[in-house]
């Protein structure tokens, strides 16, 4: 008789947990994958920054989107999702002229794909995003990545241009990782 009672208590606790916590809970491995992506981006460095000085530019990274204090959890989840998609697209579909070590690039793309799988398994409606339109945030990120794509095109996808983009994405992905850590700590 104790077993059915324990089972009932477990069901009640699970129901309360799902009702009380509408936001998506990403697996612990998701955070580790973020740090792995950052490590891989660092290892992909092929050129010194000083040899590409004439390629420097300001991509106007939208820092305000990554302020963990300003964004609700559902909004932060959406920003993380869009940013991860854009980074995946940039590195994993524009590879024909990229100067990367293919082993590192494949590992990076695999890690980003796993992160997207985690995020896709978390429906945005469940995370409370149905009531929180993010047109501004989405548009801002799209514009940021358009600037990066145009920069690569304008410089014919040269190794120095890719190096500047790799460094920029490393900095922006670091901000993304910090945003996720802040949201995670708030729970």
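Note: Cβ is positioned from N, Cα and C throughout, glycine not excepted.
Note that the coordinates shown come from a computational prediction; the quantities given were computed from them, not determined experimentally.
If you look up Swiss-Prot, you'll see 1-23 marked as signal peptide, on the strength of similarity to another entry.
Marked as disulfide bond by Swiss-Prot: 24-122 (among others). Note on residue 122 (disulfide bond): other Cβ atoms within 10 Å of its Cβ, all shown chains, come to 18.
Sequence annotations record features per position, and here Swiss-Prot assigns disulfide bond to 52-160 (among others). Look at residue 160 (disulfide bond): DSSP puts it in a helix. Non-local contacts of residue 160 (disulfide bond) by the CB criterion (under 8 A, 6+ apart in sequence, same chain) comprise 47, 51, 52, 54, 55.
The feature N-linked glycosylation site is assigned by Swiss-Prot to 94 (among others), with sequence analysis given as support.
Among the features that Swiss-Prot reports, N-linked glycosylation site is placed at 101 (among others), with the record citing sequence analysis. Of all Cβ atoms in the shown protein chains, 13 besides its own fall within 10 Å of the Cβ of residue 101 (N-linked glycosylation site).
Cα of residue 101 (N-linked glycosylation site) to Cα of residue 122 (disulfide bond): a span of 32 Å.
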